[in-house]
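Feature list (source: TrEMBL):
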type     : residues  : note
TRANSMEM : B:6-26    : transmembrane segment
TRANSMEM : B:33-53   : transmembrane segment
DOMAIN   : B:69-119  : domain 'NADH-Ubiquinone oxidoreductase (complex I) chain 5 N-terminal'
TRANSMEM : B:81-106  : transmembrane segment
TRANSMEM : B:118-135 : transmembrane segment
DOMAIN   : B:135-415 : domain 'NADH:quinone oxidoreductase/Mrp antiporter transmembrane'
TRANSMEM : B:141-160 : transmembrane segment
TRANSMEM : B:181-200 : transmembrane segment
TRANSMEM : B:212-235 : transmembrane segment
TRANSMEM : B:256-274 : transmembrane segment
TRANSMEM : B:286-307 : transmembrane segment
TRANSMEM : B:314-336 : transmembrane segment
TRANSMEM : B:419-439 : transmembrane segment
COMPBIAS : B:457-468 : compositional bias 'Basic and acidic residues'
REGION   : B:457-476 : region 'Disordered'
TRANSMEM : B:546-565 : transmembrane segment
Amino acid sequence: MMNNFPYLLSLAIWLPILGGLLTLCASAPRHAPLARQIGLAFALLGLAVTVPLYTGFDTASAAMQFVEHQSWIPYFNVHYSLGVDGISMPFVILNSFITVIVVVACWKSVQVRVAQYLAAFLIMSGLINGIFAAQDGVLFYVFFEASLIPLYLAIGIWGGERRVYAAIKFFLYTLAGSLLMLLAFIFFFQRSGSFDLAEWQALPLDLRSQTWVFWALFASFAVKVPMWPVHTWLPDAHVEAPTGGSVVLAAIALKLGAYGFLRFSLPVTPDAAQAMAPILIALSLVAVVYIGFVAIVQADMKKLVAYSSISHMGFVTLGFFIFNPLGMEGAIVQMISHGFVSAAMFLCIGVLYDRLHSRRIADYGGVVHVMPRFAALFMLFAMANAGLPGTSGFVGEFWVILGAVQHNFWVGFAAATTLILGASYTLWMYKRVIFGPLVKPAIQALSDLDRRELAMLGVLAACVLAMGLYPAPVAEVMHVSVEGLLSHVTAGKL
Amino acid sequence: MTPMQQLYLLVPLAPLAGAILAGLFGRRIGRTASHVVTILGVAVAFVASLFIYQDVAAGNVFEGALYTWGRVGDLAFEVGFLIDSLTVTMMLVVSFVSLMVHIYTIGYMKDDPGYQRFFSYISLFTFSMLMLVMSNNFLQLFFGWEAVGLVSYLLIGFWYERPSAIYANLKAFLVNRVGDFGFLLGIGLVAAFAGSLNYAEVFAMAPELLDLTVPATGWPLLTAICICLFIGAMGKSAQVPLHVWLPDSMEGPTPISALIHAATMVTAGIFMVARISPLFELSPTALSFVLVIGATTALFMGLLGIVQNDIKRVVAYSTLSQLGYMTVALGVSAYSAAVFHLMTHAFFKALLFLAAGSVIIGMHHDQDMRNMGGLRKYMPVTWLTSLIGSLALIGLPLFSGFYSKDAIIEAVRHSQIPGAGYAAFCVLAGVFITAFYSFRMYFLVFHGEERFGHAPHDHHEDAADGHHHGLAPGQKPHESPWVVTVPLILLAIPSVLIGFVTIEPMLFASWFDDVIAVLPAHDSLAGLREEFHGAFGMALHGLMTAPFWLAAAGVVSAWALYLRFPQIPARIRARVEPLYTLLENKYYFDRFNEVVLAGGSRWLGRSLWRGGDQLLIDGLLVNGSARVVGWVAQAARLLQSGLLYQYAFWVIIGLVILLALWWPALRLGALS
């Protein structure tokens, strides 16, 4: 059984970090090609070591698998403790996969400080794998905070004009939230004498302390998701971030907040989570509807997709807090799908930006005449973003809407407006960018996708379609874990 | 898998294979190979459907899953087939019309640079539509539903350099999404309360759902389910007020107007309601709702056909009106009549559209009927087939349209359901209107003086893009090539005969017996069934009924106004100017949608963005709190001046305050 193979998770964490440090050795500008090769090699290697996580995964068990356990700081009972269940395992793979895409995407578009750029993203990839695998509070917190730094640097160094404002806004926003999370963790430690996540989940807490802790954790995770009204850092960060930064931000970083809800808020404070669910549901629906309307009027493509991300993440939090299997599995599937689709959307915008150096919708029009292949792929991703059946974007939305109708008809009603809103903002943008007569001279000079871009978007397209046509293989790894989580939450601690 | 099951699978997969080949490798394999593979794919689907028809006619029904798409909790999401008489009827209609349209396209699109792409799309459409009708569950139905919507979107915007086309396709997609919104909620209710999405399982559960209400709303559950699902049908089958996309969809090439926007996709909503008749039967409220919507569409959309000058738009409004007839039939529980009309309509409307396309080819892409006239002489096949199509449409006895439309009118007359009186008026008045606009078009195009070859009366708004040429002075229209005329002839045959041949099995015998459920109390076809003595007798009897004379009156009026006394319409128009303006503006639906809905959404989005995100959250809370921190820091900086006498001053002030606060307490303490 592959399950017995040790150190898979450690490899998934430390290989990319090692790769990142190695690329730094080739940091002279003339060594850029070498840095790219090292980066790609380690990104691929990082992805390769995560494959056995799926193939060797025991879908019948809700327990942590591929467990590693070593003492780290004995005085505080801190351990280097790793493991994944059906909820976290897909994200380790997704993250490692997105890292490969990011490395390929920057091949030509990043020309300054190439090694440092690659190092930032590889190190971040390892740290994020650490977040998903950590089974110890301190370890989690360290990875969680450390992963901020490379992203902060990526935006602040390789970003656009207002990169410094965006980077600081991003950093302060998320750091402020994390401090409250740290307080919550210290509280757990005081109560349980341990940083072991499993012990925290079993920790008896009364409703009052649960409620306090719930909101402390909420402050951290809601910012990351981001939930309305603490979402305004995201559009700024996306607009200023380089393409790779936007891809990681949308595909992975946003999932960290949602994952936090699953790993901490729901299991550790289940009764508070249930008591506060109406508020969380309301905030999620505001994200879906309010942000949907805001997305329609955006003139900047990246901002539009950023707002659409917030709206899609609203589905994730909605799915969590209606506490039924459809909602929960739909939400997790939506997280994975959003990883593919938002990554692809930002890459498509990056493809255009590389050529024309503009993100303004008004600067485009008639792109299909000169970039037909690009237009076809972009259409697929746009449709996935609008939740068309047959694409991955449909699956999660569909399940969450079904779950929401089951929970309360009006919640489902509000959630289902995304069918109209999502199609409106996505396809209206598509129409203005891709269709129309070819009149602007700058557009006439555009060239279609090259082989590298085609491969990169083609792989994502295959993922989007495969998951849309046959989501069962993805969904079935999480069944048992989700069931376990839901029964734990429903049982409560009181 | 049994051979029969392999055959089922072959039906959708053959067109899919054609679509993939032509779509991905179209440029490499060339134009001819592209149309050969796609036509072959659809032909295979048609032939396989014929075999399946034989099998079903022999009494074999299949219901089973292909694979499990996903499973959450107790809810299984499957992809599978339900092959019964209703399915196989739809399969035959879809694959046959699609085959005709494929062949026709060779001629119609022969100079278009997007030739391969077009064939790929229409084959993909055929695949999606077949998956839709062959489904055994709501999930796959929704898959097909959205997939045909996608292909429709792609095809309306096929000429993507035209602003009007890409406006129309976005509009079509969004309006359909409004319908899908309801549809999805309906599916959500089904899943939540029936615990399954499989048709058979849901139908078996239906009696248990009868007394339930939807929590948090108080609505009767089945009524809510049926109305939600029907809202989806209103989008796809273009019922008022979600009809606005269909006339604009005429921006697409004519072959798809025939295939998608007349014969097949727009009838998906009709098919869906017929498919789930066991649910609708249990909710008279939903049936009344369906009936009123359908009747309104049938009459009021027909009226709009009278004022159109674009040949395709006349046919489009006629389609809207006929879809209204089908919906009316659903409303009075005459599901089999709805499907029957769906079938006859598919043939004669596809014929009318393709004939209109042939006229458009002959006119060098001028679609304005005011520039036509007298084409009979130049395009004999197109003329004759158009006449056949028009006669079928207006319901001349013996023609296919007569049987299906008469059955609907009779069913409405016999129905007791609330709204039936209104519907009876609408469908009867609609007969006159239908005959009038159909023969207005017919006379304007094929008879009268030849108005082509002059300078165009009316510059179409997008005349500059090269698609609306028109005939040069002195140039004559010409008959279209055989790839165009052969499909016309092949469609003309069923347009005449299919009603005569199939009315008995479809309406009165047992063809739909186990598929379509009708409660005895709702059986509006019972009266007709008793009076029915053969198709020929029905046609003879038809000569003596009101619909026939209304239709005749419509034809004669059209002849009088547009052929005999062509100066009169202008005078009438001047007399009823306000009414004309109302019709000309299509009852202002488009204006309302553009200003109130689209404009309102943009306004709301902008206000939320500027007022909520930028002003309130970022301005006040985020940057505001940053500013507060700044102010506090600045104030604190003022205190730390480094001047000793200031510090001493603050110390004294502090001492005074402390003493003032504590003094009473200290005194109290001393006293005690």
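Cβ from N, Cα, C; glycine included.
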Other parts of the chain folded back onto the transmembrane segment (B:33-53), taken as Cβ under 8 Å at six or more residues beyond its ends: 4, 7-8, 10-12, 14-19, 21-22, 26, 83, 88, 91-92, 95-96, 98-99, 102-103, 105-106, 115-116, 119-120, 122-123, 126, 130
Result, the transmembrane segment (B:256-274) in contact with the transmembrane segment (B:419-439) (3+ CB pairs under 8 Å): no
Beyond the flanks of the transmembrane segment (B:81-106) by 6 or more, those residues with Cβ under 8 Å of it: 8, 11, 15, 35, 38-39, 42-43, 45-46, 49-50, 52-53, 56, 61-64, 66, 118-119, 122-123, 125-126, 129-130, 133-136, 199-200, 255-256, 258-259, 263-264, 271, 274-275, 339, 342-343, 346-347, 350, 354, 357, 483-484, 486-488, 490-491, 506, 511-512, 514-516
Whole-number mean of pLDDT values that fall within the domain 'NADH-Ubiquinone oxidoreductase (complex I) chain 5 N-terminal' (B:69-119): 92
Folded-back contacts onto the transmembrane segment (B:256-274), same chain, C-beta under 8 angstroms, at least six residues removed: 86, 90, 93-94, 97-98, 101, 104, 121-122, 125, 129, 132-133, 141, 144-145, 148-149, 151-152, 155-156, 158, 229-230, 232-239, 246, 249-250, 280, 290, 312, 315-316, 319, 323, 326-327, 330, 335-336, 338-339, 342, 345-347, 349-350, 352-354, 357, 516
Contacting positions for the transmembrane segment (B:546-565) when only residues 6+ beyond its ends and CB under 8 Å are counted: 394-397, 405-406, 409, 428-429, 431-440, 442-444, 447-448, 572
Residue distribution over DSSP helix, strand and coil in the domain 'NADH-Ubiquinone oxidoreductase (complex I) chain 5 N-terminal' (B:69-119): 29 helix, 13 strand, 9 coil
